[in-house]
Amino acid sequence: MASQWEVRFSNSRKLPYFYDSVTSTSIWELPPGITEEQARQLPGGHLLGHAAAPSGSAAPEKVRASHLLIKHRDSRRPSSWREPNITRTKEEAIATLKEHQRALGEHPSIDHFASLAHQFSDCSSARSGGDLGSFGRGQMQRPFEEAAFALPVGQLSGIVDTDSGVHLILRTA
């Protein structure tokens, strides 16, 4: 269904991307089943001709981010420090993250994000408020890396789906 998609623009990458308003996920490629012509008709479709190389600045080699991970029964390792045997569905995990996303807003404070990550994240980084420290390309699962590098500092991602589970990512540096 084309109406769930919109085109947004990544200020850090200077490239347009596709945002799914139903699942709150972002992808760089043309969504499945949508032609280039249909994509140009989407909300924000005018941005598809807007891609430009960064003016005099290279993409960052490293970013720093925090995340809130919710695992589900189909995750690579469906257990965590909080729960030895995770049985929730992927849909339930996404619904939980959407609640946290609503509570945080688009530009949450680091303290608010850290508090939620500490309470609810299935990652051991929850002990440090979800802080993953700095990382470069090739160190994280690809969807996570792409989302983290695409975010402006201080912005919260949409829901990012990886083999580990579903994440909200806050770019901190």
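Every residue gets a Cβ built from N, Cα and C, even glycine.
TrEMBL does not curate its annotations; it predicts them automatically.
Since we're looking at a predicted model, the values are computed, not measured.
What TrEMBL lists as domain 'WW' is 1-33. Positions annotated as domain 'PpiC' by TrEMBL: 60-173.
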Residues in the domain 'PpiC' (60-173) grouped by DSSP into helix, strand and remaining coil: 40 helix, 26 strand, 48 coil
Average pLDDT across the domain 'PpiC' (60-173), rounded to a whole number: 94
